[in-house]
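TrEMBL has this to say about the protein:
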type    : residues                                               : note
BINDING : GLY160, GLY161, THR162, GLU208, GLU209, ILE210, LYS211 : ATP binding site
REGION  : 334-355                                                : region 'Disordered'
Amino acid sequence: MIKRWDALYGIDLGTSNTVIYQQGKGIVLREPSVVAVRLDSGEIQAVGEEAQAMIGRTPGSIDVIYPLKDGVIANFDVTSAMLQYFIKKIQGRTPWFRSSQVYISVPCGITNVQKRAVEETVVHKGAKKAVAVEEPLAAAIGAGLPVDEPVGSLVLDIGGGTSQVAVLSLGGIVVSHTVRRAGMSIDTDIADYVKRTYNLAIGERTAEEIKKRIGTAIAPEGDAPFIDIKGRDLISGLPRSLTLSSAEIFRLLDDFLWTIIEAIRSTLEQCPPELAGDVVEHGILLCGGGSMLRGLDDRIRLETGVPVHLAEHPLDCTALGAGRMLDYRAGRSSSDRFPYGGSSPAGSDSVEAAQ
């Protein structure tokens, strides 16, 4: 039983961004999952927004890295240091209480060893107990879907490292697919395209800006939007400008979009008929940063024939869902509480600090 004085948190520890929910305060942190490290000593130079600002601008002695890959920890020590920095930032000078309990999101289909690594990272930094919960389940709860009812709900969560499609019912995931292509792979595709087509090298931040400004899942009509970018000419080695159109970025993204659409179709094909019928009636929920690609909802609706809805808070759904589970378990009333029952979410495990 959770005590009233316990600190309760929900953490979406993503490949590209980390979002933290604190009970009673809401979303208290949203920062890039990026760390700048000195190569000679391993010392952490910067974390989060400060580290992201250093991408492409560091000397050879400093490396800017994403310590998570495909939603799981690739570098335990750096992830631990990053999490410690975020915790200190939201707590100020007050230490993270030993009585805190945390739900932390993990991708579908990862191994128990990978789940445990995430949980142990949180406990190592002071939590009394950490529970890994699958991201689509947390995202669905955060969006207010009736996941504890005998009704099928389909969630498409496009994050930084993975895209996950899952059908949920009665508090658990019935069938799911994980695609190792998402927001960050789109950025890489754009940078590679510009390099291959125009002999121009651009950084990942420029590629991301192209995606946000003119990326589209629907073929543009009339005068396509465009963007002016700058990079380094691979032949002369000098700076050069270039204008890109939305039409060519649409063509570039088409392969990624078909990968997502096929994952949705495959998930529905493996879904029990009754739940598939529910999805056709109630639609698909889009969440995650990648879900904000212009026209994505219309494209999926066109290709699948299923209604599509963008979550009200697509960037925060997973952390909000974890927080709402914590609210329910604490037995407290909350204006944003979701009625999720059970002592622990389906598909979750936990690690508890030694007494």
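Think of each number as a place in line: the chain as shown, counted from 1.
From the backbone N, Cα and C atoms, a Cβ is placed for every residue, glycine too.
Automatic, uncurated: that is what TrEMBL annotation is.
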Handout entry: Chain-internal residues near GLU209 (ATP binding site), provided their CB is under 8 angstroms and they sit 6+ positions away
Key = ILE227, ILE229
Completion exercise
Using a 10 Å radius on the Cβ of ILE210 (ATP binding site), the other Cβ atoms enclosed count 23
Fill in the blank from the handout: Across all protein chains shown, the binding-site residues GLY161, THR162, GLU208 give the max Cβ-within-10 Å count at THR162
Handout entry: Chain-internal residues near LYS211 (ATP binding site), provided their CB is under 8 angstroms and they sit 6+ positions away
Key = GLY183, ILE186, ASP187, ILE190, ILE249, LEU293
Exercise for the section: Could you tell me the maximum Cα-Cα distance in Å between the residues recorded as binding ATP, namely GLY160, GLY161, THR162, GLU208, GLU209, ILE210, LYS211, rounded to a whole number? Expected result: 20
